[in-house]
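Reviewing the structure listed below.
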């Protein structure tokens, strides 16, 4: 039998001091206790529920908007308005080399067309600008009108007068070449304010038409051998 058997597992070392208040407090409230703050838990749960609810509402709104747009397109099949320049007559287009004054006389015949079967178009404002190599030299405000379903309207306007136009060296060289050829590259840009008549609704837009025109000059009754070609213009929302 071992000499230590008479101890029966008893401990005869130095006495173990009792746990301090700080240690007991740590065991009650620290990680070892496993407890939590009920108020913090409730706030976290509530914030999570609110976030999920807002997210679901936003998804629902997006889905409904997508369905509404699809239904609108299937019913009305909207198409962009059409615009053509049928004819353009240029009787004067002279740029002075002394004071950069451009003398011009330009007449334009245009056609506005509504290709839609169920949508009407109110042209509330039409601002027509004539430009030469990004330099505007004339502007006119045209009378507004309404275009019904599958309707079109012909409009005539004139740009007559003089305007200081300062061209760079490269553009001035282009002008000299075009003067010799008798055909000028002139841009016609229309800024619009229109409303679409869709049932009871009349949404508003501010689109524009842009036309790149090649216009032969007519001087003293003589017409350039190159006639004007009817031009389809670009529409931009």
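Note: Cβ is positioned from N, Cα and C throughout, glycine not excepted.
Curation plays no part in TrEMBL annotations; they are all automatic predictions.
The feature domain 'Late embryogenesis abundant protein LEA-2 subgroup' is assigned by TrEMBL to 111-202.
Residues or ranges marked as region 'Disordered' in TrEMBL: 1-27.
As annotated by TrEMBL, transmembrane segment applies to 53-76.
According to DSSP, the domain 'Late embryogenesis abundant protein LEA-2 subgroup' (111-202) comprises 13 helix, 57 strand, 22 coil.
Over the domain 'Late embryogenesis abundant protein LEA-2 subgroup' (111-202), the average per-residue pLDDT in this prediction is 96.
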